[in-house]
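See below for the structure under consideration.
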Amino acid sequence: MEHEATHALPHLKEALIFLVSAGVLVPILQRFGLNPILGYLVAGVLVGPFGLGSVRLEIAGLPLSELGIPDIEGVRQIAELGVVFLLFLIGLELSGPRLWAMRRLVFGLGGLQVFATAAALAAAGVLAGLTAGAAIAIGASLALSSTAIVVQLLISGGRLASPPGQVMFSVLLMQDIAVVPVLLVIGSMAGGSEEALIKSLVVSLAAAAVLVPAILFLGRRVVGPVFHFVGARRDRDMFTAAALLVIIGTATATSMAGLSMALGAFLAGLVFADTEFSHQLEAEIAPFKGLLLGLFFLSVGMTIDPRVVIDAPLTLLATIGGVIAIKAAVLLVLCLAMRQPLAVAVESALMLAQIGEFSLVGLALASSTHVVPLEVARILVVASGITMALTTALAGPIHALALRIAARSSVAPVSASLAGQHLSGHVVIAGFGRIGRAIGELLDKRRIPYIALDQNATSVARARKASKPVFFGDVRRADVLTNVHAADAVAIILTMDDPSANVAVLRNLRHLEISTPVVARARDKVHATELYGLGADEVVLEAFEASLQMGEETLVALGFPREAAHAMIGEEREAGKRELATALPRRRA
């Protein structure tokens, strides 16, 4: 009976194990401080063919191997859709002109990275005693980094559009384009002639030259009318089905042409980037991307064989260290040669030093055709999973290192910049993001002096080039507050989107006995109450203010005079303030 159910629903057991991992195991691991990606990788090790899938014990007549996934191939094929949806959403956030502006990074830096890294790794392989063919196959495979992990980390940190994010994404995009040539080179070493290799490369390049413009050209002319027709039906299910058809259809088309599915999905995203459907598409596809990316990270964890760690720990450690060092060094030199800031070069080099998911495809082909010895491929596969896990675990410290480098090399910290100056009658803006910049422009127009602080060195450097009084510094530190003469300021504006940061600043102001009026940004009413309790004079609730502004525009649209609508909204604002004051009766006067 169990066999019949499994036959009727292929991969039912794998689906159940994945859902248990995503809904139970990963959240438990998160409680121990692991981020979601690392949680999926660890879960993959536990439920994979080298974890529970290999256990031969039984509990109450149930083999423990039934609680694991012994075969990874079926899971991996479905998991690839996670990368497909991720690349679609990235394409959705870009546009043709913006991508064209990145061409120097994509084809220049990205192309050089693939070629130079492959050559350096191949040379290291020869020095390690591998044959020339095996070294070339390994070098070409290991030159590729993990698009899924790096891009997801950038998105979750809101840094995809930052200078390091643009460099990393450009290199990763070129690597995705290079997957097919890499596989063709490896395949040719399995007995194919040089003439056959050249012919395959020419065919692939010709297919790309025809298919990519065709997708972009036809997509903009066909997809628009189709989605206008679907949208007019106001059927969400139909809209979602049409979106999935376009994404998977385009990915399949590029795959059949010998290109990667991820590249096809990225092109589909570009087609929709400048349309009125982009935001709705993002909302519909994001849940699919989240679940399937989780499955992808789970499948990567399943490739890690703990026995390799036990059998050949020194070889594995040397492999991991050598690959990371070579990949990071090559990209660091290339970034600096292309005049990228040192902080951007260091962060990009370290974040792209892992062995990626497409490397596993190349290694599988190389080992199955006996170009690379099976034992060597086995070590490299485990090294791949471990380097991906290391990237996930060290992303935060790497970014912090880049910030410190930027602070020393391109942006003077506030303590050095304001040394010896006496300031008074100015406004201190904590955080120079979207809200901080808007406040700064408002003060500039009224010629009110201000000092802004931010920890994003790139943003600080950009603002200072525009002659803005912005400095690098952590406003949560008491010495930084002293350096900007917070006690002599006429107001302190807390615009950070991190609730704990605003709380920390207010605590330091209280500790320093600084009575300067404070206007703070709050995430919700609970946060606002806490800020008032710590001494904030005024608190602005993000969602509350946005709803009031929308409410005023709604009243005007319904025919109310602007003055009357403004007065009614003012009453609502005051009522909200009274409610907060009631919740905290000892609010500072």
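Using N, Cα and C of the backbone, Cβ positions are placed for all residues, glycine too.
Summarising the annotation, TrEMBL assigns domain 'RCK N-terminal' to 424-541. Here TrEMBL flags 12-30, 37-55, 106-128, 134-155, 167-190, 196-219, 240-273, 285-304, 316-339, 351-372, 379-402 as transmembrane segment.
Restricting the average to the domain 'RCK N-terminal' (424-541) gives a pLDDT of 86. Among the recorded stretches 37-55, 134-155, 167-190, 351-372, 379-402, the one sharing the largest number of Cβ pairs closer than 8 Å with the transmembrane segment (106-128) is 134-155. Scored on C-beta pairs under 8 angstroms, the neighbour of the transmembrane segment (134-155) with the top count among 12-30, 240-273, 351-372, 379-402 is 351-372.
Simply put, out of 37-55, 167-190, 240-273, 316-339, 351-372, 37-55 has the most Cβ pairs sitting under 8 Å from the transmembrane segment (12-30). The transmembrane segment (316-339) makes no contact with the transmembrane segment (37-55): fewer than 3 of their CB pairs lie within 8 A, with pairs spaced 6 or more apart in sequence.
Panel annotation: around the transmembrane segment (285-304), residues 18, 21-22, 26, 36-37, 40-51, 69, 72, 75-76, 78-86, 88-89, 148-149, 152, 243-244, 247, 357, 360, 381-382, 384-386, 388-389 of the same chain, lying at least six beyond its termini, place a Cβ under 8 Å from a Cβ of the stretch.
Beyond the transmembrane segment (379-402), the same-chain residues lying 6 or more positions past its ends with a Cβ under 8 Å from any Cβ of the stretch are 35, 37-38, 41-42, 45, 138, 141-142, 146, 149-150, 153, 157, 159, 164, 300-301, 303-305, 308-309, 312, 315-316, 319-320, 323-324, 343-344, 346-347, 350-351, 353-356, 359-360, 363, 457. Non-local neighbours of the transmembrane segment (351-372) in the same chain are 83, 113, 130, 133-134, 137-138, 140-142, 144-150, 153, 164, 168, 171-172, 175-176, 179, 182-183, 186-187, 189-191, 260, 296, 300, 303, 323-325, 327-328, 331, 380-381, 383-384, 387-388, 390-391, 395, 398; each lies 6+ residues outside the stretch with a CB under 8 Å from one of its CB atoms. With a threshold of 8 Å between CB atoms, the same-chain residues lying at least 6 positions outside the transmembrane segment (167-190) that come near it are 87, 90, 102, 105-107, 109-111, 113-114, 118, 133, 136-137, 140-141, 143-145, 147, 150-151, 154, 160, 196-197, 200-201, 204, 208, 258-260, 262-263, 266, 331, 335, 340, 344, 348, 351-352, 356, 358, 361-362, 365-366, 369-371.
Below 8 angstroms of C-beta separation, residues 80-81, 83-96, 99, 147, 173, 176-177, 179-180, 203-204, 207-208, 211-212, 215-216, 219-220, 223, 226-227, 230, 281, 284-285, 288, 358 of the same chain, each at least six residues beyond the ends of the transmembrane segment (240-273), sit close to that stretch.
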